[in-house]
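Noted in TrEMBL for the protein shown:
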- A:HIS126: active site, proton acceptor (ACT_SITE)
- A:ASP119, A:GLU192, A:GLU194, A:ASP226: Ca(2+) binding site (BINDING)
- A:PHE121, A:ARG135, A:GLN233, A:THR337: substrate binding site (BINDING)
- A:ASP226, A:LYS246, A:THR250: Mg(2+) binding site (BINDING)
- A:18-108: domain 'Fumarylacetoacetase N-terminal' (DOMAIN)
- A:163-185: region 'Disordered' (REGION)
- A:383-409: region 'Disordered' (REGION)
There are 2 protein chains.
Amino acid sequence: MTTDSWVPGSADGGFGIENLPYGVFSRPGELPRVGVAIGGFVLDLASLSAAGLVDDRRCFASGSLNAFMVAGRPVWEANRARLVELLTDEGFRERVEPHLIPVTDVALLRPFEVADYVDFFSSEHHARNTGRILRPRSEPLPSNWKRLPVAYHGRAGTVYPSGTPIIRPSGQRRTPGEPEPTYGPSTRLDFEAEVGFVAGVPSIPGRGVPAGAFRDHVFGFVLVNDWSARDVQMWESQPLGPFLGKSFATSISSWVVPVAALEPARVTPPVQDPEPLPYLRCAEPWGLDLHLEVLINGQVVARPRFADMYWTSPQQLAHATVNGAPLRTGDLFASGTVSGPDRDQRGCLLELTSNGDEPLELPDGTKRTYLEDGDTVTLRAQAPGASGSRITLGEVTGTVYPAQPPEAP
Amino acid sequence: MTTDSWVPGSADGGFGIENLPYGVFSRPGELPRVGVAIGGFVLDLASLSAAGLVDDRRCFASGSLNAFMVAGRPVWEANRARLVELLTDEGFRERVEPHLIPVTDVALLRPFEVADYVDFFSSEHHARNTGRILRPRSEPLPSNWKRLPVAYHGRAGTVYPSGTPIIRPSGQRRTPGEPEPTYGPSTRLDFEAEVGFVAGVPSIPGRGVPAGAFRDHVFGFVLVNDWSARDVQMWESQPLGPFLGKSFATSISSWVVPVAALEPARVTPPVQDPEPLPYLRCAEPWGLDLHLEVLINGQVVARPRFADMYWTSPQQLAHATVNGAPLRTGDLFASGTVSGPDRDQRGCLLELTSNGDEPLELPDGTKRTYLEDGDTVTLRAQAPGASGSRITLGEVTGTVYPAQPPEAP
């Protein structure tokens, strides 16, 4: 593994010079601002730009990445190159070191304001598994599934930063076999391990964004936990899709990994048969060799591989905009649950437990069908970085809290 | 019909003292600001508050209603009472008149920033008609339909103000009977006549909003045209619901009618059988006696009645938040297509033409299956107002433009 940074320990832990993800942080009594992770530190870009060490576009002192994300690829690339220079050249060390803050001394906040949130369904293994479990009398894959990356809009207002408590949702659900639906806290609360990308540069209303323009519009990647109440979802979803079974919470990781950092992770995606329509074709391979881990209460329960995804991120972008719906800065696109062919590569409890029929035994000997109050779910991921390094995405974590009563009327 | 306003002609046209809807307007070279419609005029609330005539909370000089909407019901009520006083008491005429601008001299802009956009499916007639047309071999009403107000999230970023050009969407669609999907401009472009409400006061994450708290959270109502590409929608919607068939454009009216103005329009809604679960019950009748009109190129083609809706607005609000998803200021909730039992009460071409099988003859003798480039669709509505008056909602209008190619790669 190679690193040239003078930051102590930066070669370890996946936050080396090859990564440099962006986030938003604060310290008590101070305003939120933009930082970059390097080793065990946050580099304060607001103070660094105030000191004249990086180009000051006044976007780093704001409480979100949006102002920087809208600036576009030339600015992103120039800033990344400058950060590499500052963090590798010993000659800058004395001036840059005062802007490094131990990550343990800061609170990491939501990195960007979410405009719209779209959730795809792009893992063939996940689609087949859920089809078999939820629609046992139908073909597991819907007839459109290999023709287009199926997706729906989720709730942008409940995209929360890592660490936000997840309050168990209540709602209407019908237990299979029961004639009548009932109201109550969800008894089938699940996670979904996903990877998302966020748009930086808006597009023109009425004009689609070609897959080949992915790098010009997309700022970076995050890990996503698309929390799901399966009992609510199964009862409500016909004919218009998931609504309350998803809209209570979606968690994203604190650090946004730039697209440039993941170039070395690009791999050939699974063969697509039939060949997609021209607007979904992409000249470059855009599979991404991300190795995810799902942990319940600190114990690894699944290791999904993002390289197994059938539809790639540029294809998702081209599809989501083909009707002329423009991109806004902060639009978040999640992949759908990442699942692989093996049982321990499945990215949600619906699949890991066959909808609760086959409880999952955790390494500590306890069992889970679905999540219990007090459970903490953590997603993390690693990918190959430049120069043979490994880079880290995530983590995104959340703890389940008991259901709460409605507001007083 | 009663009016006490000194504004000339204010008793005519539905924008009398009983209505007083809010909007955002601008004049060339001036900043957008908040106004209220009265007769043929816009009352400039920014200049009125600068002159000390209404309470100045600095929310009227902003380019959206959001700052006023978040202020809450006591502020909304106080401001409404003050406007009635100013516009009816001749003693104020001399001081208020300079703040009246002919509506023909202003541009009406999007009245509020949309946070999340939820679209319901709450007309039983519409649900049965579309079920029969789209799923002829199934029960027209899904089994959950009378248990909960079915809904999905739409795209907030493409909610456009009345008058915005509607560019025909392209996309992937499969003609029934054809084996393969194709790419191209939608050939089944439709409108949907809907009524929406917008949240002003946020709610607490994790806590549902009871139906009885509707007036404490909801600011007002708009007309909504949920443009739909039926060929795209039908091919893409399994299993996660509509996506690109809807997300290219949704138009809303320029004027937001306060909840208070519609109190006289409240009527008993259709009987609900089975009785809904307790969280969906509402002590007050919340049917709304709104008479909608749909016009194509100025010719009325349908007259849906909102009083026919099965699920009411407070029930929709209670349902959408029952899982703890909090309200944000600017959350828009649309009713779904408003359709009645008679053919001329159907609120979309899918129903009016049986998915194109039975062309609709317009009063001018031309026929339509679906919308053609150049067609203008206008929705408007009237409701009973206070003191025996009639108040106007809307209008919301949009003209269809030809499909455009994607961005250059």
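Note that Cβ sites are derived from N, Cα and C of the backbone, with glycine treated the same way.
Curation plays no part in TrEMBL annotations; they are all automatic predictions.
With a threshold of 8 Å between CB atoms, the same-chain residues lying at least 6 positions outside the region 'Disordered' (A:383-409) that come near it are 1-3, 11, 13-16, 18-19, 21, 160, 162-170, 185-186, 189, 195, 221-225, 227, 249, 251-255, 257, 261-265, 288-291, 371-377. Contacting chain B by the Cβ rule (under 8 Å between Cβ atoms), the recorded positions A:PHE121, A:HIS126, A:LYS246, A:THR337 reduce to A:PHE121. Under the DSSP three-state reduction, A:LYS246 (Mg(2+) binding site) is assigned to helix. Farthest C-alpha pair in the substrate-binding residues A:PHE121, A:ARG135, A:GLN233, A:THR337: 18 Å apart. The recorded positions under consideration are A:HIS126, A:ARG135. Their Cβ neighbour counts within 10 Å are lowest for A:ARG135. Listed in sequence order, the binding-site residues from A:ARG135, A:ASP226, A:THR250, A:THR337 having a Cα within 10 Å of the Cα of the residue listed as 'active site, proton acceptor' are A:THR337. Report note: the Ca(2+) site is defined by A:ASP119, A:GLU192, A:GLU194, A:ASP226, and the residues of the same chain whose CB lies within 8 Å of the CB centroid of those residues, excluding them, are A:ALA193, A:VAL224, A:ASN225, A:SER228, A:LYS246, A:THR250, A:ALA334, A:SER335, A:GLY336, A:THR337. The average pLDDT the prediction assigns to the domain 'Fumarylacetoacetase N-terminal' (A:18-108) is 95. Ranking the binding-site residues A:GLU194, A:ASP226 by C-beta neighbours within 10 Å puts A:GLU194 at the top. Shown in sequence order, A:ASP119, A:GLY154, A:ARG155, A:THR158, A:GLU192, A:VAL224, A:ASN225, A:TRP227, A:SER228, A:SER247, A:ALA249, A:ALA334 are the same-chain residues outside A:ASP226, A:LYS246, A:THR250 whose Cβ sits within 8 Å of the Cβ centre of the Mg(2+) site.
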